[in-house]
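Peer 1: This is the structure I have questions about; it appears just below.
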Amino acid sequence: MSQLKVDNGPLSHVANSGPISIGAYCFSSIMMTVTNKFVVNLKGFNMNFVMLFVQAAVCVNLLFFLRLLGYAKFRPLNRTDAKNWFPITIFLVLMIYTSSKSLQYLAVPIYTIFKNLTIILIAYGEVLFFGGSVTAMELSSFLLMVLSSVVATLGDQQALKKTADAGASLFNIGYMWMFINCLSSAAFVLVMRKRIKLTNFKDFDTMFYNNILSMPVLLALSFLMEDWSTENLTKNLSRDSVTAMIISGMTAVCISYCSGWCVRVTSSTTYSMVGALNKLPIALSGLIFFDAPKNFLSIFSIFLGFLSGIVYAVAKQKKQQNPQPSAPIK
């Protein structure tokens with residue numbers, strides 16, 4: 001069993017504070033996106049698999065440290081669970097690699113907006129494979145998500161036209177990586193849902209197995225597909241890039257921990273709304289820290305993406321309060 005340790009000591013007022021847990025969750029999410037973007041934006045960076053391996057290694061070591069302190073409990077690695085969970089690892093590696101590649105080529109606001117499309121794929125995947133349903137309000141949020149993505153693309157194209165040379169292609173390969181990422185992310189979530197029932201994993205079990213099983217896969221792919229020459233390693237593994245990778249790996253654990261913390265001290269309803277509202281500061285961080293397009297269409301797409309997240313969160317809450325099955329939309 002994996003679980004969070006509840007602090008009953010002198011700092012219990014902090015451990016049981018809703019606003020602090022929400023703030024910690026939002027800060028961790030922003031930090032992870034910003035540090036990942038910083039690394040992949042470094043001049044000549046081309047070792048995404050190594051970056052992901054370092055992050056996974058940091059996650060595993062931090063989990064062991066938290067278990068030593070008594071703040072996390074998770075199952076030890078065993079052959080049966082590893083065999084059952086390994087198919088998930090393949091989807092995970094595909095998901096995080098395509099995520100890093102899309103973030104490398106797309107601005108943070110556009111990346112954040114397009115990630116919403118994964119929600120649509122997951123929702124209809126649940127309709128197809130688990131007998132779920134899509135309500136009218138959820139469908140409305142999906143339409144807003146698609147609209148925000150279209151507007152974001154137009155804003156990006158508008159910005160490219162101003163900076164690109166005459167006759168240069170305006171196609172951004174980041175959109176291809178984003179499309180693959182949405183598909184692989186949805187597949188990862190849907191397959192993991194089935195496997196969790198098989199293994200009965202909890203949050204920290206899932207994080208531990210995801211990271212420790214992905215490490216050899218990431219390292220093998222790096223050796224096969226990336227340049228391990230001394231010159232390239234020196235260029236990619238600078239002090240700044242490695243520091244950012246370590247911070248990113250630590251924030252991944254923080255996000256998982258803060259998610260459970262937020263649900264414990266507030267409610268699942270509050271947490272789902274925070275997740276929707278959190279899209280805005282993540283998108284804005286791209287405008288503040290990086291050279292993201294700053295035209296009307298780009299700003300408007302952020303607003304639409306933010307609105308779609310709120311509508312979706314409210315729709316999910318209403319669905320939980322009124323669990324009668326509605327007719328599946330196919």
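Each residue, glycine too, has its Cβ placed from N, Cα and C.
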Peer 1: Under the topology that Swiss-Prot records, do Val134 and Lys318 share one side of the membrane?
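Peer 2: According to Swiss-Prot, which assigns topological domains, Val134 and Lys318 fall on the same side of the membrane.
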Peer 1: Could you tell me whether the transmembrane segment (295-315) and the transmembrane segment (171-191) are in contact, taking contact to mean 3+ Cβ pairs under 8 Å with a sequence separation of 6 or more?
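Peer 2: Contact absent: fewer than 3 Cβ pairs fall under 8 Å.
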Peer 1: Going along the chain, which residues at least six beyond the ends of the transmembrane segment (295-315) come within the CB cut-off of under 8 Å?
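Peer 2: Answer is 107, 109-110, 112-113, 116, 119, 135, 137-138, 140-142, 144-145, 147-149, 151-152, 154-156, 158-159, 272-273, 275-277, 279-280, 283-284.
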Peer 1: Reported in the order helix, strand, coil, what are the DSSP residue counts of the topological domain 'Lumenal' (35-48)?
Peer 2: 7 helix, 0 strand, 7 coil
Peer 1: Take the transmembrane segment (49-69) and find every residue of the same chain, 6 or more past its ends, with a Cβ under 8 Å from one of its Cβ atoms.
Peer 2: 36, 39-40, 93, 96-97, 100, 204, 207-208, 211-212, 214-215, 218-219, 221-222, 225-226, 236-237, 241-242, 245-246, 248-250, 252-253, 257
Peer 1: Can you count helix, strand and coil residues in the topological domain 'Lumenal' (225-241) using DSSP?
Peer 2: 11 helix, 0 strand, 6 coil
